[in-house]
Amino acid sequence: MSFCDDREDIYSICLTTVSSLLRKYSIDPKSIGRLEVGTETMLDKSKSVKSVLMQLFAPSGNTNIEGVDTVNACYGGTNALLNSINWVESSGWDGRDAIVVAGDIALYKKGNARPTGGAGCVAMLVGPNAPIVFEPGLRGTYITHAYDFYKPDLTSEYPYVDGHYSIRCYTEAVDACYKAYNAREKVLKGQNGDSNGIVDKSKTPLDRFDHILFHAPTCKLVAKSYGRLLYNDYLDNPEHPAFAEVAPEVRSLDYEKSVTDKTVEKTFMALSKKRFNECIAPSIEVATQCGNMYCASVYGGLVSLLSKVPFDPAQPKRVGVFSYGSGLASSMFSVKVVGDVSNIVKQLDLQKRLDARRVVDPQVYDDMCLLREKAHLQKNFTPVGNVDDITPGTYYLTKVDDMFRREYAVKA
């Protein structure tokens, strides 16, 4: 998993990521008309992370940039992305591009949950003529009130978590979003005069996606959730040949029981295993190596997929996306990779960056968590983390003054 000490915070990792995006793709700062950040890592109850990022645009004189932060656990990045897509499609669009930033530092108190943390940030350029396009109108959303994971204690970076309940909430969100997505797709196909269904009778509706990205708190939950989508296909058509070996008692199982039923889970994980290895496994490389990056998690999945799977513009591929944030908010939508993504893959240079990381003992992680605990809410503070370990081009914290104002430098 990835982590950082008291030298990096949500401001610094977002500054690093956006500056990298601007530099690698030679983006003119004046060409950006919207910048929105999705994060649940809070340093200030009033000032947005987006406002901190505006210093990257100051030299160009561009202060005419819409958007601020959006917050709901791990869903904030998706909400920022949907807002930016809507902006480009709206009467308010002025012809410029948008940047969406999804990033977090995921920390847990010492104990069994601590290894499920992580850290990461993804920045995305949104505009017309993109190689990856949203399928118009195809979304399904599920939002409800739940105390599965939340952060009411502002004196700590650590959350309150009801682990078993959170998994149940996630699973119910998978079901609800998939059903809402399918219903919306049926409506749109009817409006367009298209037939609804799968031409190949051996395939299930799930097979209409070449790949699916999931929010990945753990990779095991991703595998279970892919099987859960297949279970939803089964409920819609139990007589499909793909389900010939499913036990009869599964069909009559009460929904509430099905959410946690191990027979359902094992049956559909087994049925989906081959397709999981082809369709899902390439998208969880970053999650496997970097842990749970909260808002960045599902978009780290996109980074993994682009880096691991060859894409041919002559053969567009359809990618489903499931995003979840506790509390809770969730959506399923889909995109198509229709253009040349080779330069994106080149600039990401994912494997080289993963290989460049340092391997340390678990005790080092505990020590760095302790450093962060001591730094939290401090003023007149100078961080003590080792700057020598920071990669060139990275923003890092140099001081917090007596009014909590934070200052940064860039590693040469």
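Including glycine, each Cβ sits where the backbone N, Cα and C put it.
According to DSSP, the secondary structure content of the domain 'Hydroxymethylglutaryl-coenzyme A synthase N-terminal' (1-131) in residues is 45 helix, 31 strand, 55 coil. Annotation source TrEMBL lists domain 'Hydroxymethylglutaryl-coenzyme A synthase N-terminal' at 1-131.
Taking Cβ-Cβ distances under 8 Å and a sequence separation of 6 or more, the neighbours of Glu40 (active site, proton donor/acceptor) in its chain are Val71, Asn72, Ala73, Cys74, Gly76, Asp104, Lys151, Tyr294, Cys295, Gly325. Marked as active site, proton donor/acceptor by TrEMBL: Glu40 (among others).
Look at TrEMBL and you will find Cys74 tagged as active site, acyl-thioester intermediate.
If you draw a 10 Å sphere around the CB of Lys220 (CoA binding site), it holds 10 other CB atoms from the protein chains shown. Taken from TrEMBL, the feature CoA binding site covers Asn112, Ser166, Lys220, Lys224.
The domain 'Hydroxymethylglutaryl-coenzyme A synthase C-terminal' annotation in TrEMBL covers 132-411.
Here TrEMBL flags His215 (among others) as active site, proton donor/acceptor. In three-state terms derived from DSSP, His215 (active site, proton donor/acceptor) belongs to neither a helical nor a strand segment and is classed as coil.
Between the CA atoms of Lys224 (CoA binding site) and His215 (active site, proton donor/acceptor) there is a gap of 12 Å, rounded to the nearest whole number. Around the Cβ of His215 (active site, proton donor/acceptor), the number of neighbouring Cβ atoms within 10 Å comes to 31. Model confidence over the domain 'Hydroxymethylglutaryl-coenzyme A synthase C-terminal' (132-411) is summarised by a mean pLDDT of 95. The Cβ of Ser166 (CoA binding site) lies under 8 Å from the Cβ of Asp148, Phe149, Pro217, Ser326, each of these being in the same chain and 6 or more residues away along the sequence. A helical conformation is recorded for Lys224 (CoA binding site) in the three-state DSSP classification.
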